[in-house]
Amino acid sequence: MHHTAILFLEVGAVLLGLGVLGALALRAGISPIPLYLIAGLAFGTGGVLPLATSEEFISVGAEMGVVLLLLTLGLEYNADELVTSLKSNARAGIVDLVANAAPGAICALLLGWGPVAAVAMAGVTYATSSGITAKVLSDLGWIGNRETPTVLSLLVFEDLTMAVYLPILTALLAGLSLVSGAVTVAIALGTVSVVLVVALRFGRFIEAFVSSPNNEVLLLKIVGLALLVAGIAQQLQVSAAVGAFLVGIALSGQLAHDAQALLSPLRDLFAAVFFVFFGLQTDPVKILPVAGLAALLALISMITKLMTGIYAARRAGIAKAGQARAGIALIPRGEFNIVIAGLAVAAGVHPDLGPLAAAYVLILAAFGPLAAKAVQPLIENIAKRA
Amino acid sequence: MEVEQTALPGIGLRHDFTTQSGKRIGVVSHRTGRRDLVVYDREDPDRACEVVKLNDEEADALVELLGAPRIVQRLNQAHQEVEGLVSLQLPIPPTSPYVNRPMGDARVRTRTNASIVAIVRAGQVFASPGPDFMLASGDIVVVVGSADTTSDVAHILAEG
């Protein structure tokens with residue numbers, strides 16, 4: 001068969017399969033991310049239906065997926081919100097960071113994977129999936145709840161932490177020496193602060209340049225700008241993802257809203273490809289030996305997230321039931337954790353890291369939203385007793 | 001009464017307050033334009049026990065239902081407070097010569113010195129209508145002026 005024919009057949013079959021899986025996830029009321037990962041496992045090396053020619057296409061698509069995921073995440077927040085949330089929630093944010101990065105880091109150290117893997121695993125257990133959590137909040141009608149601002153500002157804090165964390169991880173993974181690593185991190189921090197200042201003070205100039213009444217022009221300008229900045233960031237070892245995230249933050253207001261609406265179909269497509277790609281790289285046979293460990297890690301980090309939510313909500317003066325809801329809403333892990341694990345896998349940190357992260361996210365992305373639904377009646381009981 | 005405003009990063013804004021009867025209610029304004037009307041639980045004060053999702057049109061309708069009578073009421077109160085100033089609500093009869101004509105045609109201001117400050121149509125208030133506002137039968141014209149000038153306006157709107 002012709003090369004193009006095989007490529008189309010494979011990519012078409014993969015996307016169609018993802019569509020069917022997505023429909024199943026929708027019906028079951030869970031996030032489609034775990035199903036996408038499973039699909040990737042099936043198509044990858046050692047899977048049931050290994051792909052022949054489309055892996056290269058999927059790998060480029062996956063990179064685009066990361067850029068688009070982070071770009072749209074950045075679009076959700078404006079610089080004001082980031083700064084406010086940084087000021088008012090720094091304490092809860094730091095508790096979140098310490099309590100939830102620790103399980104992953106300690107796990108990697110106990111397994112003897114070394115410090116770089118520990119930093120990567122810290123990121124895998126730390127970040128809550130803002131996408132899944134936002135969906136849980138909206139599905140369960142929790143958006144109007146009084147603990148929700150606390151949950152959301154923790155998510156903002158985490159995302160901002162990512163802007164600092166990803167460059168550090170990238171530098172460590174690149175195996176840079178202490179000096180050049182420090183330089184890279186300094187560049188990254190400098191870039192983040194410059195972008196924040198530019199977005200706060202001169203956001204309207206960027207918006208004036210990007211904005212266009214024509215959707216096509218707007219789409220091309222934003223995706224072009226994001227990829228360009230992502231490329232520069234990658235070249236500076238700051239991580240492409242952070243570059244795209246910063247472009248998203250610099251845009252705000254109506255423009256950000258329009259851009260989000262325009263980009264979301266594109267993001268959904270490439271993000272799905274990204275999750276498949278991560279699955280592709282992971283050998284399903286290697287998941288079984290680490291499944292128990294992943295379950296244990298998931299359990300521990302569920303508890304640490306729950307505690308974080310309870311602590312943050314209590315500080316905000318929320319009653320017991322609301323504290324429990326805040327904790328549960330924070331449990332799901334998803335896209336970020338896979339992005340981080342993906343970086344580590346690409347750098348070849350440890351052969352078991354990919355399978356462990358995949359199993360871990362499979363558990364928490366699927367279980368987080370279900371847990372929230374299951375404990376709803378329990379929480380109502382807490383409220384009645386209180 | 002104190003209305004509390006809380007930012008919801010990535011979603012929008014929430015406003016809420018407690019009514020005199022002790023119920024806490026609020027509105028979540030999504031950036032997408034969606035509005036959620038939320039009512040808080042008495043037992044669990046942090047939980048929205050009732051969430052009503054409203055699209056733009058529905059939110060507007062609710063605003064009109066809650067707001068229209070209040071605006072007219074407030075207009076009347078405001079004008080009653082100033083001595084010698086009269087505010088009248090004049091219905092446009094089907095026989096009025098200005099039905100289906102722009103309001104400017106009546107030249108109310110030039111002829112009487114009174115001002116048309118609002119038009120109420122089917123419960124909806126159009127504040128400060130311009131001269132090109134098309135009058136319709138059944139509209140209620142809210143006019144402000146002295147006792148004499150406002151009754152002149154009533155005459156003009158009825159007979160021309």
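Glycine residues also receive a Cβ, built from the backbone N, Cα and C atoms like all the rest.
TrEMBL does not curate its annotations; it predicts them automatically.
Quick look at what TrEMBL lists:
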type	residues	note
TRANSMEM	A:6-26	transmembrane segment
DOMAIN	A:22-370	domain 'Cation/H+ exchanger transmembrane'
TRANSMEM	A:33-51	transmembrane segment
TRANSMEM	A:57-77	transmembrane segment
TRANSMEM	A:97-121	transmembrane segment
TRANSMEM	A:151-174	transmembrane segment
TRANSMEM	A:181-202	transmembrane segment
TRANSMEM	A:222-249	transmembrane segment
TRANSMEM	A:261-281	transmembrane segment
TRANSMEM	A:287-313	transmembrane segment
TRANSMEM	A:334-351	transmembrane segment
TRANSMEM	A:357-375	transmembrane segment
- [ ] For the transmembrane segment (A:357-375), find every same-chain residue at least 6 residues outside the stretch whose CB is under 8 Å from a CB in it, and list them.
- [x] 29-31, 33-34, 37-38, 41, 121, 124-125, 129, 132-133, 135-136, 139-140, 278-279, 282, 287, 290-291, 294-295, 297-298, 301-302, 324-325, 328-329, 331-334, 337-338, 340-341, 344-345
TODO: Sort out for me which stretch, of A:151-174, A:261-281, A:287-313, A:334-351, has the most Cβ pairs below 8 angstroms to the transmembrane segment (A:6-26).
DONE: A:261-281
- [ ] Please check if the transmembrane segment (A:97-121) comes into contact with the transmembrane segment (A:287-313), where contact means 3 or more CB pairs closer than 8 Å and the residues in each pair are separated by 6 or more positions.
- [x] yes
Open item on the list: Check the transmembrane segment (A:151-174) against the transmembrane segment (A:334-351) for contact, please; criterion is three or more CB pairs under 8 Å, pairs 6 or more apart in sequence.
Closed with: yes
Task: Non-local residues, at least 6 beyond the ends, that sit with Cβ under 8 Å of the transmembrane segment (A:287-313) - done: 41, 89, 92, 95-96, 99-100, 102-104, 107, 125, 128, 147, 150-151, 154, 322-331, 333, 352, 355-356, 358-360, 362-364, 367, 371
Open item on the list: For the transmembrane segment (A:261-281), give me same-chain residues lying six or more residues beyond its boundaries with a C-beta closer than 8 angstroms to one of its C-beta atoms, as numbers and ranges.
Closed with: 14-15, 18, 22, 32-33, 36-45, 47, 51, 55, 58-59, 61-66, 68-69, 71-72, 75, 215, 218-219, 222-223, 335, 338-339, 341-342, 345, 354, 358
